[in-house]
Each structure stands twice: as structure tokens, then as C-alpha cells.
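First the structure, in the form of C-alpha cells, and then the observations on it.
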């Protein structure tokens with residue numbers, strides 16, 4: 001073995017030896033590296049493929065279609081994935097139930113308009129404003145632990161909500177359930193994202209995980225329709241208490257950890273020490289700002305003067321000030337809740353804006369007012385409404401099957417364009433349906449088009465979110481995606497409720513009870529026209545979304561090069577990777593902070609030695 005190659009292997013051996021925290025801090029805080037420290041002065045020159053989204057490690061050479069080693073068997077793998085899938089089920093269960101239960105809750109608590117919208121928006125709002133906080137928490141205390149706590153928390157507040165007798169208390173319980181829904185998805189997707197390599201196996205696993213959304217919708221619709229029709233709406237939450245209590249136990253014994261802080265002691269003192277440096281100020285600003293905005297929109301729906309009501313205007317202005325303060329704080333904060341550099345990744349900002357418009361349309365308008373239209377305008381009972389909504393589940397199953405098969409074949413931009421055109425079609429069908437039109441003529445295709453469009457969008461955006469950023473930022477990126485997803489639903493409900501209330505005030509005297517079907521239908525159609533505008537904006541974003549094929553795995557191939565060098569140069573502080581583009585033109589990318597992460601440097605070093613030894617290369621200076 002050449003002496004140069006020995007230099008590299010000695011450096012890698014040094015990297016593999018654990019260091020105490022004081023030693024690491026002393027080494028990294030030094031303004032001038034020590035010659036005795038090989039890590040701080042190592043520079044690796046290595047040819048890599050031209051597109052390089054993140055540091056390549058030796059683990060990337062593992063067959064992506066093989067079952068990950070953390071699973072003892074295929075049965076174990078399937079069970080773990082299905083249990084984690086309830087992270088997404090938790091959110092859409094709420095959507096499905098509310099599609100059926102909202103009219104019943106309105107009669108139970110004697111509320112309507114903006115007050116009634118809080119039964120939906122309180123869940124989504126609390127979920128949206130805390131997802132990023134929980135994403136950072138997952139990386140500190142362990143993602144598996146967070147899933148366990150979230151499942152248990154959801155079960156507790158489902159039980160509490162089943163005993164409420166006042167709508168404000170019910171809304172609080174719904175908000176607490178939303179906290180659990182905020183903690184689960186990013187932790188669950190983080191476990192799967194770090195366990196699987198990009199490839200068709202990961203596509204299938206993520207398709208199953210994302211299938212939790214339609215399954216949750218199905219579970220919510222069916223259980224809501226049956227229990228409200230034959231028992232009581234409270235029994236829905238008894239059932240969910242039982243389901244998520246069982247799941248809490250299963251996570252403990254079936255789901256493997258992802259080696260991110262899974263071995264630390266789970267004690268209150270230890271947990272507080274690890275989360276004390278989270279961006280609590282940013283969390284407070286974002287939560288207060290979003291709550292104020294949604295409150296203003298909801299009150300505009302019930303206030304006599306609508307948006308012209310003085311306190312609504314004041315709260316709205318204050319919400320913008322607080323949210324602007326949040327953005328400013330994130331720019332200055334050392335460890336921000338929402339790292340702004342994530343928005344610079346290719347296509348990330350565009351697809352997040354797309355998600356905002358698409359989910360304001362789908363969850364905030366079509367789902368909410370679609371359920372109300374079926375029961376309040378068409379006169380369907382809760383069980384019949386559930387029957388009317390059931391085709392959405394079948395359409396969703398078809399959509400998930402198709403998307404898992406074409407993600408690695410069809411460009412993501414094309415899929416998104418088709419999806420948003422379908423969403424526009426669904427919105428127009430709802431907006432144009434004449435009073436008395438048979439269900440199968442326009443409402444059935446509207447329901448199916450909307451759910452297929454949502455599933456196509458969700459899968460493409462979710463996969464792009466995971467592949468567009470580095471592994472270290474996957475939880476934060478997923479957190480931003482779920483934040484916008486949930487916040488969009490809350491905003492959509494609030495804004496569309498304001499439109500509906502405004503139309504009702506202009507066309508029906510306040511003393512008219514019940515509201516004539518013609519006027520109620522006209523008011524709901526105002527919301528559906530609003531949905532048409534939202535979906536049109538989502539289509540514009542889809543046209544400009546630079547998303548290619550998802551999960552099309554390419555084997556790691558090392559181009560022919562002259563050699564690889566590990567050079568120790570006194571005075572240098574950067575341990576990085578320099579690569580030459582596949583086109584042959586000289587270009588370089590330096591990972592300046594690798595010296596602050598011995599594990600990452602060690603992985604790179606292991607790749608250089610292992611790959612070149614396999615190919616018979618010698619390292620040369």
C-alpha cells in the first residue's frame with residue numbers, strides 16, 4: 001500500500017475514535033488549526049457526478065431496493081411502516097369526521113358561521129403553528145419518542161373532547177389534538193426518510209405512508225357517518241381513544257429508532273436540557289401571528305360589518321406586524337425555527353406556494369363546504385352523506401397506486417399541472433351545480449377529481465421535499481411542508497366562511513330561519529368560486545415548478561480519474577470535498593463546515609478509501 005493511501009486511512013482511523021465534548025469544543029473553537037490535527041487540515045479531491053445535492057457517503061453504495069437492516073423481516077418492515085402511517089391518518093381522520101359532523105355540531109352547540117368554522121380550524125391552526133417546533137424537537141429527543149408521545153397525547157384529548165358540553169371547550173380539545181398531529185408527520189417521515197435510500201422501494205414505502213391520508217379520510221367519513229346516525233358524535237372520539245392507545249404501545253415494541261438521540265435517557269431534566277435552545281421566540285411569534293389572522297378572518301364571517309368591523313381590522317393589522325416580526329427574527333436567530341436557507345433549494349419555494357393555494361382550495365373549501373352542501377342543501381343524513389363521500393376513498397386508492405408507479409417515470413411538473421387542472425375542474429363542478437341536480441351528474445365527479453388531484457400533488461411535493469434538501473434538513477423541510485398544508489386548510493375555512501356569511505347577510509334577513517335552500521346554495525357557491533380562483537393560482541405555480549422524475553435511482557458510479565489526495569496543509573481549517581464535473585470541465589464545491597462534523601468527514605473519508613480500494617486506485621499527492 002502506498003504511503004499516500006496510508007495517510008488517508010490514518011486520518012479515517014482518527015475520525016472513528018470518539019472525542020470528549022470538551023476536546024471537540026476546544027478543537028472547533030480554535031481560530032488557527034493545529035498541524036497535529038489531521039481533520040482540520042484535510043482536503044479531499046474527488047470526482048463526483050455533476051449534480052450533487054448532499055455529501056455522498058459509503059452508505060449510498062448500498063442497494064436501495066434491499067430491505068433496510070433495521071428490520072428483522074419483511075413482516076416487521078410492513079408492520080412498522082403501517083404503524084407510522086397513522087401519523088398521516090391522524091390528520092385526515094379529523095377532516096373526514098368534520099365533513100360529516102359539522103352540521104351536527106352546529107345544532108348541538110347552536111353555532112354557525114365563524115364560530116362553527118373553529119371546530120375545524122382550531123385543529124389545523126394549532127397543528128400548523130407548532131409543526132416546525134416539533135420538527136426540531138424530534139431531532140433532539142428522538143423521532144420515535146416523539147411519535148409515542150404524540151399518539152398518547154391524541155388519545156387523551158380525544159377522550160376529553162368526547163365529554164365537552166360547550167363549543168369553546170370542544171375547540172380547545174380539538175386544538176390539543178392538533179398538537180399531536182403536528183408532532184407525528186415530520187417525525188414519522190424523518191424515520192422513513194433516513195432509513196431508506198432513494199429508489200423504487202422508498203417510493204413504495206412513501207406511497208404507503210402517504211396512503212394514510214386517504215385511509216384516514218375513509219376512516220373518518222365511515223365512523224362519523226355510522227356513529228352520528230346510530231349512536232352519537234361523542235362515540236367517534238371514544239373509538240379514536242382506543243385506536244391510538246393501542247398504537248402507542250405498538251410503536252414502543254415494533255418501530256425501530258433512527259439512531260438520532262434514541263439512546264439518551266428519557267427523563268424530564270434531560271429532555272429540557274436538549275430542547276431549551278429551540279427557537280421558542282420564533283414559535284411564539286408564528287403562533288400568535290397565525291392565530292390573530294385566522295381569528296380576524298373567522299370574526300369577519302360572524303361580525304355584522306364583516307371585514308369593515310374596527311376590531312377585525314386592528315387584529316388583522318397586528319397579525320401582519322407579528323408575522324413580519326417572525327420573519328425578521330428568523331433572519332437574525334442563530335438556531336431559527338424555520339431555516340431560511342431551505343427556501344433556496346431548487347423548486348422548494350414554488351411548490352410550497354402551490355401547496356398553500358391547493359390546500360386552501362381542497363381542505364379549506366371543497367371538503368368543508370362539500371360536506372355542508374350534501375347535508376344542508378341536498379338534505380342527506382349523516383350516513384347517506386358518508387355514502388356519498390365514499391367514492392373519494394376508491395378514487396384516492398387508484399390515485400396512490402398510479403402515483404407510486406409513475407413517480408420515477410413522469411416529470412413531477414407534468415403531474416402537478418395535471419393535478420391542478422383536475423382541481424380546477426372539481427371546483428367548477430361544485431360552483432356550477434344547479435339546485436336539484438342528481439348526485440351522480442356533477443357532485444360525484446367533483447369529489448373524485450378533487451381527491452385524485454390532492455393525492456397526486458401530495459405525493460409529488462412530499463417526495464421532492466425529501467430529495468431536494470440534505471438529510472440533516474429533511475425534518476425541517478417536511479415540517480415546513482406540513483405547516484403550510486395545515487395552515488392552508490385553516491385559512492381556507494376562515495376566508496371561505498367570510499365569503500359565505502357575506503352572501504347570506506346580503507340575501508337573507510337575519511330573522512329568516514331556516515335559510516331558504518336557494519340562498520344557502522348561492523352562498524356555498526360563492527365559496528366554490530373562491531376555490532376555483534385558488535386552484536387556478538396553484539396551476540400557475542405548477543407551470544413554474546422545476547421538478548423532474550422522483551426516485552429514479554442511479555447507481556453510484558465513480559468516473560475515471562487520476563487519483564484521490566488527502567493533503568494536510570498547515571494553516572488550513574477546512575476539511576472538504578472538491579469534485580470535478582462529469583462534463584470534464586473543472587468545477588469545485590467545498591463543504592466548508594465538514595470540519596465541524598467528524599462523522600460526516602469520516603463518512604467521506606471512508607468512501608474515498610473504500611471506493612478506490614475496490615477499483616484498484618492508489619491515492620496520490
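Glycine is treated like the rest: Cβ placed from N, Cα and C.
Range 524-545 is the one annotated as transmembrane segment, of 524-545, 546-567, 568-589 (source: TrEMBL). The feature transmembrane segment, as given by TrEMBL for the ranges 54-77, 78-101, sits at 78-101.
The stretch that TrEMBL tags with transmembrane segment, taken from the ranges 19-38, 439-458, is 439-458. Recorded stretches compared: 116-134, 176-196, 350-374; the one with the most Cβ pairs under 8 Å to the transmembrane segment (278-301) is 116-134.
Where the transmembrane segment (524-545) meets the stretches 78-101, 116-134, 176-196, 350-374, 439-458, the count of C-beta pairs under 8 angstroms peaks at 350-374. Pairs of Cβ atoms less than 8 Å apart link the transmembrane segment (78-101) most often to 176-196, out of 116-134, 176-196, 237-257. Same-chain residues lying 6+ beyond the ends of the transmembrane segment (237-257) with a Cβ under 8 Å from its Cβ atoms: 70-71, 76, 79-80, 83-84, 86, 90, 93, 142-144, 147-148, 151-152, 154-156, 158-159, 161-162, 191, 195, 223, 227. With a cut-off of 8 Å on Cβ pairs spaced 6 or more residues apart, the transmembrane segment (116-134) and the transmembrane segment (414-433) reach fewer than 3 such pairs and are scored as not touching.
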